[in-house]
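Positions annotated as domain 'ZZ-type' by TrEMBL: 1-37. TrEMBL lists 610-809 with the feature domain 'PARP catalytic'. Residues or ranges marked as repeat 'ANK' in TrEMBL: 296-328, 329-361, 362-394, 464-488, 498-530.
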């Protein structure tokens, strides 16, 4: 073992000298056990607590050695499986020649500037691929580095202490795209803070002097209080659990080795577990009657199936092993193979006529387990061999119930091919597949079930007698609501147990897009529930909705205006003798509602008209309206935009928010939306509120002419295609914004019709086809990640309406 100084060139110490405090104690060191072992970076000895240690120390942690072979029996990660995540601090632990050679041969390539990675600690800011980590350094430079040359030197934890970088220029640059910079943040530079939370990007919410700031992890360094340090046990591996099971087969196998009987059977079953075909053959040849011998309730076939040792499985089946024999938990070889995600073994068992619909003690079939494991290949095998897709587990869930809950599109597509799929099977909550699909917003399942049996679209469930349309309204599933109305022929004004219609619930949950769909079809705005409340009454009671209370995306005034424009009677009294106007506290809003009601006089609103909450424009084509938090007419709108912006840009100060009222752009956008809904279904245009960063010189042009996809890449580049870029998180769009001479930055929050999406690529000049067999059926937008889209790129400005302009610092 040697100890290498990180500061002085070629200065090594032996262990006795290192612990004897030879050389400068303020210098950090690298420890390496052998010549080719990984380097471990250590803090300066001057900052470390020194004490004599004799024997075992309380709190010491035992770690796995290099020859560990018992999987996760001790519930920790193997040395070669160190988990790296966004926000982790890492170093490169190979020499320059190796580092350079590996990257020249890799797709991420080599740049001489990457030598920086060898001498500095970097922070993982993005993981573009399982084998590539994107690192950022304190000078804000970013490099893509091969994962296996990295060694973790620190990981941030909630509640931990950090020291913030003290360089002003570096801190400002590092904050771009990570919550933004605020001049008041200068006061926290160089200070210690406490991590209050870590967001999904690894950015840190740090409390300093009683105020919380969102910081780039690159600008933070872990700070350890020696007197408070505790040795923590490494986190256990998070193993997926099958539905209704207390533990998976794989978990129960984790202690397998330690419990086998000390005889020949142990060697036989261990050989099957480890894939040693010759030992298995030798035992079975000499003991053919013991092919199904058990150890800890399991046979060799069980273990070979779980581990995917196909030659052993084939041999054992040929030797007469019982292909349907269950263990003490009721799991058969088929269950074991499904739990291990071994589709080839499943196929072999199915060919040998194994019973596919056997339930274990939890009521699960092999198909249930394969669905729970999200293993589409295994599901495909079982379905093709005739597994019953309608078998229910102990909770009454079928495989399709579970697939929809998991939002697993591949498995759903596979199960939908089954002609025998029964959509009427209900679980313990009284929910059939249609109900679950309405809750989760799965249009494909809803469409299939409507074609199979239209009456399913009107079946009620649960103690409240909700129809699928009620569930879609409550959960904000606009496209599903539109499909149920158009294709399911449902009663749009159907009442639940408490006399509430889907419109009541959509208003109560402030799901504006669903409200828009229901009103466009003619939902009755004046139906009263058991308490005499109309939808307009419930619009005054947003606090009772958990969805609104948690999300804070409330635009009550806009909803009230929509209802009033569609003929809502604002004089109807509920059981407490209150009218919607009585519940409206702001005099200005009350006056506006009265004006709308007088204007409409009961006639249906023209759905192609401008939004009802817009300020009167007379003959103007463009009006830029400043939203004021102190103005009751714009306060809720201001609050909504501010909350969405500050979700990821909490450090930024908002100077102003303006509503863009452009008649021409709105008419084009609205017409495009209706066209897309005719094409895909009512509510299926997938309208999103997304952010778009820009420069001051473009603001005026955008207000008049819209965001122009033809100008793609002027600021940052075109990573996902040559179109207009939008992001779910404002901090991403902050990368695309630039400051004017006074230091102000500009960002639009736009309505964007994303429609059907496809994966983006750098050279795309228009969206790719959705299906290679239909080259003219193009996607409407492309994204950065099909499984978790955060960046959208659109190529037609007709799909964009720049609704709000945010000026901030």
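A Cβ is built for glycine as well, from the same backbone N, Cα and C atoms used for every other residue.
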Worksheet item: Which residues of the same chain, at least 6 past either end of the repeat 'ANK' (362-394), have a Cβ under 8 Å from a Cβ in it?
Response: 240-245, 330, 332, 334-335, 337-339, 341-343, 346-347, 350, 356, 400, 402-403, 406, 408, 410-411, 414-415, 417-418, 420-422, 425, 427
Practice prompt. Would you kindly list the residues that approach the repeat 'ANK' (296-328) from elsewhere in its chain, counting only those six or more residues past its ends and only Cβ-Cβ distances under 8 Å?
Written response: 249-250, 253, 256, 259-260, 268-269, 271-275, 277, 280-281, 284, 288, 334, 336-337, 339-340, 342, 344-345, 348-349, 352-355, 358, 360
Worksheet, complete the sentence: Other same-chain positions with a Cβ less than 8 Å from the domain 'ZZ-type' (1-37) and lying at least 6 residues past its termini are 43-46
Worksheet item: With DSSP helix as H/G/I and strand as E/B, how many residues of the repeat 'ANK' (362-394) fall in helix, strand and coil?
Response: 16 helix, 0 strand, 17 coil
Response to the item:
Reduced to three DSSP states, the repeat 'ANK' (464-488) has 16 helix, 1 strand, 8 coil
Item to complete: For the repeat 'ANK' (498-530), provide the mean pLDDT of the predicted model.
Response: 93
